Ligand SMILES: NC(=O)c1ccc[n+]([C@@H]2O[C@H](COP(=O)([O-])OP(=O)(O)OC[C@H]3O[C@@H](n4cnc5c(N)ncnc54)[C@H](O)[C@@H]3O)[C@@H](O)[C@H]2O)c1
Ligand SMILES: [Zn+2]
């Protein structure tokens, strides 16, 4: 299968996303294409799961091409986005003697991308990095240059905007991804449909089975279209002044669920899956969206094995508190991103928190039955 390339159009920070099967083996050639010279040290950051499958072969390939490669393996999962791990990676970078010309390679899912990207954004005030995503969810995090680590009081609170030089997306790597993570990745793909393209949502639902089985052609198409939606939004609003916020549909609820379950029980994709259904139900309840949008949203997500119900162990008041800590909240009220159809969402500022609490209490009561 040939590779497809999407350009993220950000003027002097524009970069290509290469998508296809077998691309990992083309990494040295692609780095050279991006003008990364063998004299530049490479710092490969990955996590313990991904390292098992892909670290040695990739490192070997790069060394055979003449690159000097340092690697660092972090713990797998969201805990890698904590201060202690960030410090540990920085120490390794300094000990490896990286300089301002060195390049960070982020080999892994969204967690590694966010962490390694933040390391790159801050090491010596910023060095280049290349994303090599290995999870489906990372199709989202690899576009747009948001990089961050978490604080114990909230997710992604410490971060930067730092665009990668290039993204190398080898869909073959998804073969080792646990099924639950595949589902979670599709939550963000579906989100990209829901904010802009009902046809894409329909296509996803129609091909849910083949997509979940990771048919390389279908998955490449889904990633390409998902990245294209995000790239178009980011190109209009790189630093999230306005319309980029539409990408947060389902995330205000979702981040609260993730925070309250200790970034564990529900993964990011699962949390926003429930969040997107809640956003649609809330939009319907205030007459912002026609009836049926919530039901259809739920059906598409369920086709990918994603949860769509209020997590019954979570109390609405705790969720509201957690929503406030999410950085999108503005004093006393909440800003929500709500759908108006199967392909459009709107940013709704100053939603009264008592209204949201009432709505959530109804959802919670429903979940207790
Ligand atoms: N920067 C952004 O714009 C942005 C957008 C969306 C999500 N995110 C962030 O992305 C993170 C979630 O990303 P994720 O779901 O990819 O999580 P992740 O990176 O933790 O990956 C999920 C799990 O799958 C494993 N894994 C990854 N690739 C694998 C492979 N090919 N084979 C076997 N195992 C593999 C990982 O080790 C981990 O255990 C969150 O921290 C979220 O905040 C960032
Ligand atoms: Zn997300």
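Every residue, even glycine, has its Cβ placed from backbone N, Cα and C.
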| field | Site-mate of 110, 111, 112, 113, 114, 134, 135, 155, 173, 174, 175, 176 for NAD(+) in TrEMBL, selected among 101, 146 | value | 146
| Among 110, 111, 112, 113, 114, 134, 135, 146, 155, 173, 174, 175, 176, which the record lists as binding NAD(+), how far apart in Å are the two most distant Cα atoms? | 28
| task | Report the residues of the chain - excluding 188, 251, 268 - with C-beta within 8 Å of the mean position of the site's C-beta atoms, for the recorded Zn(2+) site, in sequence order. | result | 137, 140, 187, 191, 250, 254, 269, 271, 272, 275
| said: By a 10 A CB contact count over all chains shown, which of the binding-site residues listed here is most packed: 135, 176? | reply: 135
| said: In whole Å, how far does the CA atom of residue 188 (Zn(2+) binding site) lie from that of residue 155 (NAD(+) binding site)? | reply: 17
